Amino acid sequence: MRTLWILAVLLLGVKGNLLQFEMMINKMAGRSGIRWYSDYGCYCGKGGHGQPQDATDRCCFVHDCCYGKVSGCDPKMAFYKYSSDKNDIVCGGNNPCLKEICECDRAAAICFRDNLSTYDNKYWNVPSETCQVESEPC
């Protein structure tokens with residue numbers, strides 16, 4: 001019960017797309033994005049700088065780059081349309097910007113699923129100085 005309360009409190013600050021992204025990660029990777037990816041490596045959860053620490057962190061790097069290419073709407077606040085079945089997510093709707101955000105989130109959720117074996121607890125809450133080297137270009 002305490003865990004549900006904590007999760008509810010965390011989700012109060014999550015708006016729009018970030019909540020949808022959390023749901024996609026749960027669907028595709030079978031785990032909570034907030035719990036597993038909110039403070040991982042140099043790119044998962046904190047914006048990002050430096051070199052991705054492993055394949056899982058690279059999923060977040062690519063996701064950040066994808067969001068950086070979106071124009072015309074706010075990736076972290078916009079609601080998009082999508083449907084899901086057993087093994088996939090399909091982005092829908094008529095708004096190209098919203099569909100682009102959805103595709104960014106979809107690709108990251110699939111990347112997390114495909115790289116579950118690379119997740120390493122040593123990259124959880126890495127010191128900020130680890131991520132101070134120059135970032136590679138998107």
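Including glycine, each Cβ sits where the backbone N, Cα and C put it.
Worth saying up front: this structure is predicted, and the values here are computed from it rather than measured.
As given in Swiss-Prot:
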ACT_SITE  His63  active site
ACT_SITE  Asp105  active site
BINDING   Tyr43, Gly45, Gly47, Asp64  Ca(2+) binding site
DISULFID  Cys42-Cys131  disulfide bond
DISULFID  Cys44-Cys60  disulfide bond
DISULFID  Cys59-Cys111  disulfide bond
DISULFID  Cys65-Cys138  disulfide bond
DISULFID  Cys66-Cys104  disulfide bond
DISULFID  Cys73-Cys97  disulfide bond
DISULFID  Cys91-Cys102  disulfide bond
SIGNAL    1-16  signal peptide
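On the structure: features taken from Swiss-Prot.
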| residue | record | DSSP (3 states) |
| --- | --- | --- |
| Cys42 | disulfide bond | coil |
| Asp64 | Ca(2+) binding site | helix |
| Cys91 | disulfide bond | strand |
| Cys97 | disulfide bond | helix |
| Cys104 | disulfide bond | helix |
| Cys111 | disulfide bond | helix |
| Cys131 | disulfide bond | helix |
- Item | Cβ-based isolation winner (fewest other Cβ atoms within 10 Å) among the disulfide-bonded residues Cys60, Cys97, Cys131 | Cys97
- For Cys73 (disulfide bond), the spatially nearest of the recorded positions Gly45, Cys59, His63, Cys65, Cys102, using Cα atoms, is Cys102
- Message: Using the alpha carbons only, what distance in Å do you get between Asp64 (Ca(2+) binding site) and Cys104 (disulfide bond) once rounded?
- Response: 9
- Per 10 Å Cβ neighbour count, which of the disulfide-bonded residues Cys91, Cys102, Cys138 ranks highest? Cys102
- Item | Sequence-distant neighbours of Cys44 (disulfide bond) in its chain (C-beta under 8 A, six or more apart) | Tyr37, Ser38, Thr56, Asp57, Cys59, Cys60
